[in-house]
Every structure is written in structure tokens, then in C-alpha cells.
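Okay, structure first, notes after.
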Amino acid sequence: MHSSALLCFLVFLAGVGASRHQSTLSEDNCTHFSVSLPHMLRELRAAFGKVKTFFQTKDELHSILLTRSLLEDFKGYLGCQALSEMIQFYLEEVMPQAENEDPDIKQHVNSLGEKLKTLRLRLRRCHRFLPCENKSKVVEQVKSTFSKLQEKGVYKAMGEFDIFINYIEAYMTMKMKI
């Protein structure tokens, strides 16, 4: 009887130790995240560079989709939600359409999407960067404008992806100072 109780206790201690180790790993990943962020942003910019000319030359509209209001939302109390919603918007609405624009760019748009998914995953693992639940009115406005632009919306949204990367960088820089 004593040996089975001892065995259960040892299994319990092993589990506690493993969970502490996992927690430490997660915290370490968040600590190193600020070091790896510039590299991830460079990778996003490089991936976007492969499709930038294609989308910007097809964008014939003289308006801005990603306005300064979005950057202000990123910097404000809704920054977390605005960033989360914009990443989701690009991954679920913009990039699937962008992939269908030309077979020659499909692979590059897909690669850009994978890099954005990796960034989102790392942000979610470090709750200090994405601890949010509220909706951003500016993001809803971006989505509404995108929809109204119909087939031209994908050129506009993809053509301005570099602005989006800059806004991500501004948000992350602000969060790292906190």
C-alpha cells in the first residue's frame, strides 16, 4: 500500500516539475520573442517584396485602405484587438483572393501568409502581446471598405501590406517598452 502511494506521489511530482519546466520554456520563448521580432518582420518584408510590384501596379485607386486611424488603434487601448483582427483579415479574406490573382505569385503569397501565421502563433503564445477581446471599429471600417472595392480590394490590401508590417512593428515596439 505504501509503495503505490509513494509511486503516485512521485508521478505527481514529476508532473508538477514538467509543467513548471513547460511554463519556464513558454516564458523563455516570450523573453526571446523581442529579440526574434526584428528578424520576423524582415522576413515578412522580404516575402512581401516578391509580390509588392505585382499588387501595387494593379492598384489603380488613389485612396488609402490602411489609414493612420488604424495605426492609432494599434497604439491605443484596442491595439491588441486591432492587430489580431487585421492578421485574421489578411489571412482569411485578402490572401486567399490574392493567391488566385496569378499562378506565378500564388507560391509567394502563400509563403507570406505562412510567415504571418507564424507571427500570430508567437504573439498568441506570449499573452502580453495579444491579451484582448474587444472589437476595433477601425478594423471593421477597413473590412467594409475592402468589401466595397470588390475585385480591386485585393490589389489595394496587398499593395498596402508594407504599411501593415510597419503598423505591426509600431505596435510591437510599443508593447516591448511596457
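A Cβ is built for glycine as well, from the same backbone N, Cα and C atoms used for every other residue.
Annotation in Swiss-Prot places CYS30 in a disulphide bond whose other cysteine, of CYS126, CYS132, is CYS126. Of the listed disulfide-bonded residues, namely CYS30, CYS80, CYS126, the sparsest Cβ surroundings within 10 Å are found at CYS30. Under the three-state DSSP scheme, CYS30 (disulfide bond) falls in the helix class.
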